[in-house]
Each structure stands twice: as C-alpha cells, then as structure tokens.
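Written out below as structure tokens is the structure these notes cover.
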Amino acid sequence: MADVSNRVHLNPTTAQLVEIALLRGEGQLTANGALVAKTGERTGRSPNDRFIVKEANTEADIEWGKVNRPFDAGKFDALWGRVEAYLADKELFTSELEVGADDEHYIPVRVTTEFAWHQLFARNLFIAPETFNRGNKDTWQIINAPGFVCEPQRDGTNSEAAVILNFAERKVLLAGLKYAGEMKKSMFSVQNFLLPAKGVLPMHCSANVGHDGDTTLFFGLSGTGKTTLSADPKRFLIGDDEHGWAPGGVFNIEGGCYAKCIDLSQKNEPVIWDAIRFGTVLENVVLDEQRVPDYKDTSLTENSRAAYPLEHIAQRKEDNRGAEPHAVVFLTCDVSGVLPPVSVLSKEQAAYHFLSGYTAKVGSTEMGSTSAIQSTFSTCFGAPFFPRPAGVYAELLMKRIESFGSQVYLVNTGWTGGPHGVGKRFDIPTTRAIVDAIVSGELKDVETVYIDKLNLNVPVSVSGVDTALLNPVNTWADKAEYDKYAQQLAQEFSDNFAKYKVSEAIKNAGPNV
C-alpha cells in the first residue's frame with residue numbers, strides 16, 4: 001500500500017504500541033503488564049462476512065460455498081479504494097512481517113492498521129524477521145480499518161463489516177470489525193490455499209518437540225486442547241495453531257500464540273500463564289478493581305484470548321521448526337460421552353477421522369456463539385480456513401503419514417460416563433498422561449481391545465490413567481443407554497461422511513452403523 005498518511009509508524013516497537021494504545025484509550029494496562037482490549041459485539045470470527053475474490057487464476061481451485069463466499073473483483077477494488085481514502089488522514093501503523101517460518105514457503109506481508117493494539121497483535125502473531133523478504137518474493141498487503149463502516153448495497157458486503165481475500169492482487173481487507181483473530185486466520189487461509197500446490201500440507205494444529213527431537217502434532221478445533229496440550233513443560237513448543245508439513249519437516253506458519261483464556265489457571269496451564277506479561281494482548285478479558293484478569297468471568301465472551309509472541313515461552317524451539325512427526329494426535333471433544341479417551345488409528349482410520357473432523361463447539365470462536373455446547377463435524381479439523389476441496393488436504397496427509405511412518409491417535413478431551421450434562425469431562429491431568437504415553441512411544445505397539453460399534457482399537461492400559469476409563473462402556477452406569485448413544489453417534493458419522501468420494505477402505509474405516 002502506498003503511504004496513505006504522513007503519520008505512519010513503520011515497524012513500531014512493542015513499547016511504542018502499548019504506550020500509544022493507552023494514550024488513545026484503545027485499552028487498559030493489567031496488573032500482569034498485558035494490554036487488554038475489547039472488541040465490541042464481535043467477540044469471534046464473522047464467517048458470514050468472509051469472502052474470497054472470484055477471479056480466473058484461482059476460481060477453479062476453490063471450493064465455493066458457505067465457507068468460501070465469492071466476491072466481485074470490481075467491487076473489491078472500489079471498496080479497497082474507499083478504505084484507503086478513509087485512512088488517508090489517520091495516524092496509522094505499518095509493519096513488515098512474514099507468514100511461515102521457512103525460507104522456501106514464507107509469505108512477506110505488509111500489515112497496516114488503524115488501531116495500535118491491532119498492530120501489536122499482528123507483530124505478536126506473525127513473524128518479525130531480521131531482514132524483511134530476503135527472498136524478494138511478491139509482498140501481500142493487509143489493511144485493517146475497524147472504524148470504516150461498509151454499506152452492503154454499495155460495497156457488495158453482507159453487513160457493515162467484511163473480511164475479503166484477494167489472491168490475484170495479494171491483498172486482505174478487514175473493515176468494520178475489531179476482533180483481531182480475523183487477521184491471523186486470513187493469512188492462514190492464504191497459506192492453506194498456496195501450500196498444497198507446493199506439496200506442503202497446511203494444518204490447523206499445534207506442534208511440539210522432545211529433547212530427542214521427536215515431533216508431535218495436535219489437530220483440533222478451538223477449545224479441544226491444542227494450545228494447552230502442546231504447551232508442555234517437558235517439551236519444546238514449535239507453535240500452537242498453524243503449521244506446514246513439508247517433506248523433511250514441520251514449520252510454524254506463525255510467530256506467536258493466540259491462547260483461549262477461559263478458566264485459565266497457573267496450576268493447569270503454567271506455560272500460558274507465564275507468557276501473559278508486558279507485550280501480550282488480552283482480548284475481551286474482564287479485569288477486577290485491581291486490574292487483575294478474571295479468567296473465569298465470561299460476561300464479555302467465552303472466547304477471551306491472549307496473544308503473545310513465542311519469545312514469551314521459555315521452552316520453545318527457537319527456529320519454529322521440527323522434524324517430521326512420529327506421533328499425530330486428533331483431538332476431539334465428544335459431547336455424547338461415547339468415544340474412548342484414546343484410540344490407535346490405522347492410516348485409513350486417520351483419513352476417515354481427518355475428513356470427518358468430529359468434535360464440539362466449545363467456547364466457539366464464531367461471533368454469536370454462546371456457552372451452549374454442540375457437536376459438529378469440521379473437515380480437516382478446521383473447515384472455516386481451507387479454501388480448496390477437502391480431499392486435497394486428506395490426500396496430502398495420507399502421503400506424509402505413509403512416507404514418514406507417523407502413528408495417528410484419536411484423543412477424546414470431552415465427556416465420559418454419559419453425555420454433556422450427565423457424564424463428566426476428562427480432566428487435563430488425565431489427558432496429559434495419555435499424551436505423555438503417546439509421545440514416549442508407549443502406545444505405538446500397545447495391546448488393544450476392539451470396540452465394534454465405534455470401529456476403534458483402544459489400549460488396555462496407559463501409564464498414569466485409570467484403566468476403568470479406557471473403555472467408555474465401563475464408565476456408563478446404564479449400558480443400554482451407552483449403546484443407544486453409540487448407535488446415534490455412529491449414524492451421525494455415517495450421514496456426515498456420505499458427501500465424500502473416497503476409497504472403500506477409507507469409507508469402511510468409520511464407526512459401524
């Protein structure tokens with residue numbers, strides 16, 4: 001973007017941005033040194049206001065529909081021009097950042113924001129390189145103008161706000177909304193489109209590495225435990241949300257973390273707790289009279305967040321990279337209480353459950369979501385962010401698993417002993433013990449028992465886990481009731497999977513109806 005203002009702060013520091021944000025009344029300083037900001041009525045993503053410009057070069061490769069809504073190229077250019085005109089007399093903030101911790105696969109991006117705290121968020125979540133765009137690649141542009149109000153009839157938008165991706169012009173436009181997560185997810189969507197063409201699998205997952213260099217991936221929707229479980233004091237964090245898996249290794253797409261704060265505690269999540277300090281942005285977190293964050297207060301939203309750079313984590317992989325993963329964990333939050341806490345998956349089962357993406361919306365990141373918990377199927381454990389047809393990503397996953405020999409596990413962080421409201425949720429220490437067993441290799445050749453209805457193989461024992469919890473039928477007081485719920489869940493899987501055109505081997509890898 002050309003200099004649309006003679007008051008542009010180029011590559012501002014954290015201290016400068018915090019200072020300016022406070023002076024402008026954009027947020028408050030908390031007792032732990034973080035900057036807290038509120039986003040108004042939009043406290044999550046706005047999927048109905050997200051568009052991709054329809055143009056000849058990419059039109060045939062995008063799966064158009066409710067997730068990827070088409071936008072007219074002419075309308076985009078007109079709207080971009082209006083937003084630039086709106087920003088012309090404003091004090092702005094611009095940083096030269098990168099998306100992708102990989103020399104070959106990074107995207108250079110110039111981020112311009114109206115708000116200082118949005119710029120701090122971008123600098124925390126993207127990568128601030130020592131030398132910008134060392135490979136002289138074509139640079140993307142992000143403009144974020146929350147004060148601009150779209151007019152649907154004039155602009156072609158769905159409401160007063162819009163998030164629009166334009167692959168032909170390498171532009172992302174955010175207008176009329178304050179929720180900062182839209183910035184990071186927009187560039188994730190861009191990488192999700194571009195990477196598969198290079199043979200790289202983009203993933204909605206977290207990743208960490210052990211002292212021996214063994215990498216583990218954690219796939220899952222918001223609230224299933226990606227950030228919590230990957231922030232392991234015994235291992236080194238690569239990243240908490242977005243990664244690429246190329247032949248030879250895994251790399252973080254980001255340079256920071258965007259952790260959910262609901263019920264955050266120092267005891268259960270010490271790594272995240274310690275990362276929240278000066279330089280961190282707290283989004284929609286309520287403060288008490290002493291400016292101490294109250295992470296239990298959900299009066300603003302269930303989707304309160306902390307955005308901090310990876311440098312805030314002591315135990316991290318400094319190059320944001322790792323070897324190919326020995327273990328791949330699919331995190332599912334089962335509200336029916338039917339699935340076991342851990343299952344060992346075959347390659348075909350891995351493909352089936354990756355495409356299914358069964359889980360629950362727990363403190364959903366979407367605008368308007370309430371505390372009501374409901375089951376959902378989200379393809380590739382991140383349907384809102386993948387522009388290409390699902391099969392493209394599933395095929396890449398199978399290719400990577402087969403070529404490296406990764407073992408895939410399905411881990412239920414949801415309920416047992418009954419559905420939500422009757423049973424109880426697996427506690428974090430139990431899930432951590434399961435993950436410890438996975439990363440140690442204990443479960444790779446473990447003895448298993450077969451659960452016919454679910455078509456899953458379950459370990460007969462896991463170190464540190466009560467054996468009675470491993471087979472879910474044993475945790476239900478009423479076995480007939482369990483069978484009823486299991487049958488219902490199997491049918492839901494089957495109904496959802498009917499839309500996929502895959503091999504019989506993959507089709508038959510799901511629950512038995």
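Glycine is treated like the rest: Cβ placed from N, Cα and C.
Swiss-Prot names Lys185, Gly220, Leu221, Ser222, Gly223, Thr224, Gly225, Lys226, Thr227, Thr228, Glu269, Arg305, Thr431 as ATP ligands; from the candidate set His204, His211, His312, His420, the record adds His204 to that same site.
Cα to Cα, Thr224 (ATP binding site) and Tyr179 (substrate binding site) are separated by 21 Å. The CA atom of Asp241 (Mn(2+) binding site) is located 7 Å away from the CA atom of Lys226 (ATP binding site). Across the residues annotated as binding substrate (Arg45, Tyr179, Lys185, Arg305), the widest Cα-Cα separation comes to 14 Å. A straight line from the CA of Gly220 (ATP binding site) to the CA of Arg45 (substrate binding site) spans 17 Å. The local packing around His204 (Mn(2+) binding site), expressed as other Cβ atoms within 10 Å of its Cβ over all shown chains, amounts to 25. Of Ser222, Lys226, Thr228, all annotated as binding-site residues, the residue with the shortest Cα distance to Lys185 (substrate binding site) is Ser222. For the pair Lys226 (ATP binding site) and His204 (Mn(2+) binding site), the Cα-Cα distance reads 9 Å. Cα to Cα, Thr228 (ATP binding site) and Tyr179 (substrate binding site) are separated by 22 Å.
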